[in-house]
């Protein structure tokens, strides 16, 4: 639930900012719509309304295959455009690739390494939805769902690697230490926005927004299903349509409120990775497997799962301590309720 909710909050923040940037590109100063600027909260609300309207059209994960395909196509599109244009436009002047000595030695360097691990862990949060997706696939003794799911996962991660590795490698080559905290897209618009067609930049933001809308459906669906299951179990009957709609509006309202209250959530990525992504990946599955399967104590599988789960706990604690220490050292612009 908190994986779904937290991911949807991040998507609202990202898409709201993208829609605002798209509006600023289309409605430049001096145009008729240039004086009709909206606040960050209003952009968040527009995105949430669009996402919830689409969510009412699909009852479960199995019904959003086309939505997922649309999101994949748009993600491939905007990633490819960003790294291809970064190569064609060349590097800005005075690009540096070195890390300052103060940032790579002592406790500062150790904390930076742990923070980077936390961000990487958060980036892989999506694989925790694999079991939810696999549960929608037909399965029998001759054709178990794990085989088709494994093929799907392999293809998916090949596509993800084709998108993100060029983006990371080209982004570092093109901008080095000039990449801001907001990411490579911000760096591209900062250094090449003037010599790039606004229609191309607008297309990137449109595809990014569509990708966020489709991702919202995928991450929110397990939460919808869980809330509907809780209602059905308590009432001993199927969830009617009006209740399903109300549950989704409630979930959307909660994620919108959190996004408005904590618009700086993206800056807490290392902390969130340590608190949420690491336990979901390494800790919970291992101890749940021991509890459910009850293997022979001190056997090979028992020891393996206990060891991985324990390492996950230690890693999670280290990441949390490092993230808190860095926030205390660097500070945080906590703009509560001011997106």
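Glycine is treated like the rest: Cβ placed from N, Cα and C.
Automatic, uncurated: that is what TrEMBL annotation is.
The domain 'Amino acid transporter transmembrane' annotation in TrEMBL covers 6-326.
According to TrEMBL, the transmembrane segment annotation covers 43-61 (among others). Within the chain carrying the transmembrane segment (43-61), a Cβ under 8 angstroms from the stretch's Cβ atoms is held by residues 11-13, 15-17, 19-20, 23, 67, 132-133, 135-136, 209, 212-213, 216-218, 220-222, 224-225, 244-245, 248-249, 252-253, 255-256, 259-260, 339, all 6 or more beyond its ends.
Non-local neighbours of the transmembrane segment (68-87) in the same chain are 159, 162-164, 166-167, 170-171, 174-175, 184-185, 188, 192, 196, 200, 203-204, 207-208, 210-211, 213-215, 217-218; each lies 6+ residues outside the stretch with a CB under 8 Å from one of its CB atoms. Residues or ranges marked as transmembrane segment in TrEMBL: 68-87 (among others).
What TrEMBL records for 107-124 (among others) is transmembrane segment.
Remote same-chain residues near the transmembrane segment (152-175) are listed as 72, 75-76, 79-80, 82-83, 86-87, 89-92, 95, 97, 127, 130, 133, 184, 187, 191 (criterion: CB distance under 8 Å, separation of at least six residues from the stretch ends). TrEMBL lists 152-175 (among others) with the feature transmembrane segment.
Look at TrEMBL and you will find 199-224 (among others) tagged as transmembrane segment. Within the chain, the transmembrane segment (199-224) has long-range Cβ neighbours (under 8 A, six or more residues past its boundaries) at 1, 3-5, 7-8, 11-12, 14-15, 18-19, 21-22, 25-26, 47, 50-51, 54-55, 58, 60-61, 64, 67-68, 70-71, 74-75, 77-78, 81-82, 85, 126, 129, 132, 185, 189, 193, 244, 247-248, 251-252, 255.
The transmembrane segment annotation in TrEMBL covers 245-265 (among others).
The transmembrane segment annotation in TrEMBL covers 271-292 (among others).
Beyond its flanks by at least six residues, the transmembrane segment (304-325) meets 107, 110-111, 114-115, 117-118, 121, 268, 270-271, 273-275, 278-279, 281-283, 286-287, 289-290, 295 of its own chain at Cβ-Cβ distances under 8 Å. If you look up TrEMBL, you'll see 304-325 (among others) marked as transmembrane segment.
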For the transmembrane segment (245-265), sequence-distant contacts whose Cβ falls under 8 Å of one of its Cβ atoms, 6 or more beyond its ends: 5-6, 8-10, 12-13, 16, 40-41, 44-45, 48, 51-52, 55-56, 220, 223-224, 227-228, 231, 239, 272, 332-339
Long-range environment of the transmembrane segment (271-292) - Cβ separation under 8 angstroms, sequence gap at least 6: 2-3, 6, 117-122, 124-125, 127-128, 265, 302, 305-306, 308-309, 311-313, 315-320, 322-324, 327
Surrounding residues of the transmembrane segment (107-124) on its own chain - C-beta under 8 Å, 6+ positions past either end: 269-274, 276-278, 281, 315, 318-319, 321-323, 325-326, 329
